[in-house]
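Annotated features, as they stand in TrEMBL:
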{"type": "REGION", "residues": "A:314-334", "note": "region 'Disordered'"}
{"type": "TRANSMEM", "residues": "A:6-29", "note": "transmembrane segment"}
{"type": "TRANSMEM", "residues": "A:36-60", "note": "transmembrane segment"}
{"type": "TRANSMEM", "residues": "A:80-103", "note": "transmembrane segment"}
{"type": "TRANSMEM", "residues": "A:110-130", "note": "transmembrane segment"}
{"type": "TRANSMEM", "residues": "A:157-177", "note": "transmembrane segment"}
{"type": "TRANSMEM", "residues": "A:207-232", "note": "transmembrane segment"}
{"type": "TRANSMEM", "residues": "A:244-269", "note": "transmembrane segment"}
{"type": "TRANSMEM", "residues": "A:276-295", "note": "transmembrane segment"}
Amino acid sequence: MSTTLKIFLVLAAFALVVPFVPGLIYPVFVMKVMCYGLFACAFNLLLGFTGLVSFSHAAFLGSAGYVTGALMIRFGAHPLGMPAALVLGVAASLLVGLAIGGLAIRRRGIYFAMITLALSQIVYFLAVQFRWTGGEDGLQGIPRGNLFGLDLTSDTTMYYVMLALFSAGFLFVDRIVHSPFGQILQAVRDNEARATSLGYDTDRFKLLAFVLSAGVAGYAGAMKALVFQLVSLNDVSLHTSTEVVLMTLLGGVGTIFGPLVGAALVVGLQNYLATIGDLVTVVIGLIFIVCVSFFRRGFVGEFLHVRRRRAERRARAAPRPEPPPNDAPVAEPA
Amino acid sequence: MSDYALVTEGLTKAFGGFTAVRAVDLKVRRHAIHALIGPNGAGKTTFFNLLTKVHRPTSGRIVYEGADITAETSAAIARRGIVRSFQISATFPKMSVRDNVRVALQRRLGTQYSFWRSMRSLAVLDREAMALLADVGLADYAEANAADLSYGRKRTLEIATTLALDPPMLLLDEPTQGMAIDDVDRIKRLIRRIAKGRTILMVEHNMSVVADICDAITVLQRGEILAQGSYAEVSADPAVKAAYLGGGHA
């Protein structure tokens, strides 16, 4: 069993008992963390494992949320309504991802980021203009519906369904990273020119990663629409796109669990410090400054780095069979 | 089938008003080691970049094994079997040495887009990757990060990765640049060994390397071919002497 799976099972075990101790952690809070955590994992798939900075992830989160929400309002009572709305929501985000990614992927660095930003602003504009998105009001009172007849009105039932959906999404991202495709993505991130010279069409790999990331972000958005029964313009706003950057960097970019930690931190601060109002932004800003000044790898990234260094030191201290030193001549080729 | 693996006809590249490569007709004989030499700014690297589609030629044609490849993309050319190395060592620094080679082998499995499959499906390539590493003397470093290798070893790893594709044609951009004497000798022997059954076109400054292992030499100057032939012919050419010794300055 991989380390990732072990850690995940421990976390899942904790998550399973949450509804029994509502005084300690509020289940709705955990559901929020799961939605944003998955959203950040989707973003990290691009930034951490493909090396692309996108400012359009709110467009994916929001478009899926709107589609899922609008469908639930109309067909929510149907026993297949919820799964169908979820799937179609994800399909919408995949399409938006394909459109934005298809236009932006040929550009590099800051130009890529700016194109994704501009195109996601178009999605925002459409969300304001369209009738079915509710414009300024957004979609409110979205029914949670039922899953094959299982009523989802109660927070506890919803919680377990969301935990299952979240687990599937998280393990899916982990699989992408640790797949043959993920290997090529890492190669593209490390040295794109070299990956091309080995015969890989790097733009196609980046586009597929972009669309997959959009799909997972949409999946998180659809989950969020169901949990909170609400989709608003905030979900497609630039603010949300930058918040996910913050979560990912705080937790540790390019690590599997970092985005979850970052999302829990940001959502937690917003929830538990809600009483101080707008000052929350100041607190998060200060934490971010400390993070980029002193531990740039993020919480999880820094933890892994320290552990690796310690293991290396131990390996150096221990006597070992003689591997050749790095500056010794390479054995003569036969 | 002609004797030539790669032929360029009137290949020209102009950047604005500056013509970096002018009407170059180059013929690389199959299974030969062909060197491209010339003073700095002669257009060697630009010519290389034209061959590998980093730049698009202003005019002229590139023909590889009878097929016109002038309009193809970099990746498509690599899939045809023309694989290049870079002036600066090109590895995947955050991957292990073995994984570097495995990435090249992976294309053969055809699973490069399989994001749903487990990475364990790549384990079938491990034995071959290790054999390639053993072949170039890097087996002891298989688990190390490529970034932690010495410069000479990075270049060796690059060659192992390139060999993993088993390409019929190699384009080497200054394979011994910046290397210590020992490393130069090792790479020289390695190139000679891998040249069996392959065509190699290399840009090289080190004349001892060129003299020792190259079958044919093309000298470029100011984007044009100055001389072509064997090392003996080229080194005796008065125009080449003038270009290299500086006698040709007007």
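Cβ coordinates come from backbone N, Cα and C, glycine included.
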Could you check if the transmembrane segment (A:207-232) is in contact with the transmembrane segment (A:157-177), meaning 3+ Cβ pairs under 8 Å among residue pairs at least 6 apart in sequence?
yes
Could you give the residue numbers and ranges of same-chain residues that sit at least 6 residues beyond the transmembrane segment (A:6-29) on either side and whose C-beta is under 8 angstroms from one of its C-beta atoms?
155-156, 159-160, 163, 167, 170-171, 174, 227, 257, 267-268, 271
Return the stretch with the most CB pairs under 8 A relative to the transmembrane segment (A:36-60), choosing among A:110-130, A:157-177, A:244-269, A:276-295.
A:244-269
Report, as numbers and ranges, which residues of the same chain sit near the transmembrane segment (A:244-269): CB under 8 Å and 6 or more residues beyond its ends.
4, 7, 29, 32-33, 36-37, 39-41, 43-44, 47-49, 53, 55, 57-58, 170, 173-174, 177, 280, 283-284, 287-288, 291-292, 297-304
